[in-house]
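Written out below as structure tokens is the structure these notes cover.
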Amino acid sequence: MSETLVVKIGTSSLTNPHHPGLALSTIAGLVEVICQLRRQGYNVVLVSSGAVGVGCTRLGLRDRPSRIAQRQAIAAVGQGRLMRTYDDLFTTLGQPIAQVLLTRGDLAQRQRYINAYQTFQELFELGVVPIVNENDTVAVEELKFGDNDTLSALVASLVEAQWLFLLTDVDRLYTADPRQDPNAKPITIVHDLSELESIQAGGQGSRWGTGGMATKLTAAKIATQASVRTVITQGRSPENLLKILAGEAIGTWFEPQPETVNARKRWIAHGLVPTGKLLLDAGAVQAIQAGGKSLLAAGIQAIEGDFEAQDAVQLCDLNGTEIARGLVNYDSHELQQIRGCQSDQIVQILGYEGAETIVHRDNLVLS
């Protein structure tokens, strides 16, 4: 079975730093590398930023717009021009491509999530390279991926990829920003993301983009939890992909974690946007983390947010630290009435016989 790679390239790598417009030499190099990977038998998904930056250039705007509606309109201008550039370059090398525009809502609904998976599989069967971007024009702010680093990790989980490459404007992860701190040291391999808790990764992206190094660490967490090996490397040297796959130690490698959950639980963990938070006592936390138990009403100390039954919620300890996520069996108003109660009291309080569990273990995944 062919291995699947997801390659994410950011705006900072796609555009020229010194004058408006696309960095065509970088894009052409990336296209050539992807075509080589296809000839080697890999399935490749390209997650490409750049629509807003290209739209700004086309409209003569000097800075990225701050208003959401304006940014969405400019993305619509830029997306077509960006895809035309890709299509021209890939066509020259005889490689068909497809445009796939996603919103968080597409992944939050289980049936649409499955439909997206099936579409990607059909594209792979047809020998097509899907080019993915967030559908900025219609995305609702509350349901935005926020950055294409997160989108690429979710796509890697969705398509069950073996590799995720995050192409950026630095050659690897450092202990601090090397452009500001001369004492910053390179990090070549990360076995566990907890090793990086002291790293000052920074949160700001480039002038045109939204993804800083912090978002790449978030993406690496999502991907490695789905058993996807993740690599951060220099976007202006796309030939690094071939070298990395040949075994060269280039960039920063994040080792995949052993897969402990199924595809549905990965969807619960990362595809859904939590709409509420349940604060649990120590006994409930212990039962869930160590015992693999379902959450009962007796263990709930407090409830935050307004949510419906079957929405995703965060399960947290009393300090607010998330320990798990899951699908809740009651809405927030019902939970306010039954929190702290024994399961056999639920029917007396609510007046009907509901589920014994608040979050069943089959619908719960540890964070």
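Backbone N, Cα and C define each Cβ position, glycine as well.
All protein chains shown were included, and the count of other CB atoms within 10 Å of the CB of Met213 (ATP binding site) stands at 23. Annotated ATP binding site per Swiss-Prot: Lys8, Thr168, Asp169, Thr210, Gly211, Gly212, Met213, Ala214, Thr215, Lys216, in sequence order.
What Swiss-Prot lists as substrate binding site is Ser49, Asp136, Asn148, and the listing cites sequence analysis. Within 10 Å of the C-beta atom of Asp136 (substrate binding site) sit 22 other C-beta atoms, taking all shown protein chains into account. In the three-state DSSP classification, Asp136 (substrate binding site) falls within coil.
Annotation source Swiss-Prot lists domain 'PUA' at 275-353, citing sequence analysis. Sorting each residue of the domain 'PUA' (275-353) by its DSSP state yields 26 helix, 23 strand, 30 coil.
A helical conformation is recorded for Asn148 (substrate binding site) in the three-state DSSP classification. Looking only at other Cβ atoms within 10 Å, the busiest spot among the binding-site residues Ser49, Thr215 turns out to be Ser49. Cα-Cα distances to Ser49 (substrate binding site) place Lys8 within 10 Å, out of the binding-site residues Lys8, Asp169, Met213, Thr215. Sequence-distant neighbours of Lys8 (ATP binding site) (same chain, six or more apart, CB under 8 Å from its CB) are Leu46, Val47, Ser48, Ser49, Asn148, Asp149, Leu151, Ser152, Leu164, Phe165, Leu166, Leu167, Ala219, listed in sequence order.
Put simply, Thr215 is the one of the binding-site residues Asp169, Met213, Thr215 whose Cα lies nearest to the Cα of Asp136 (substrate binding site).
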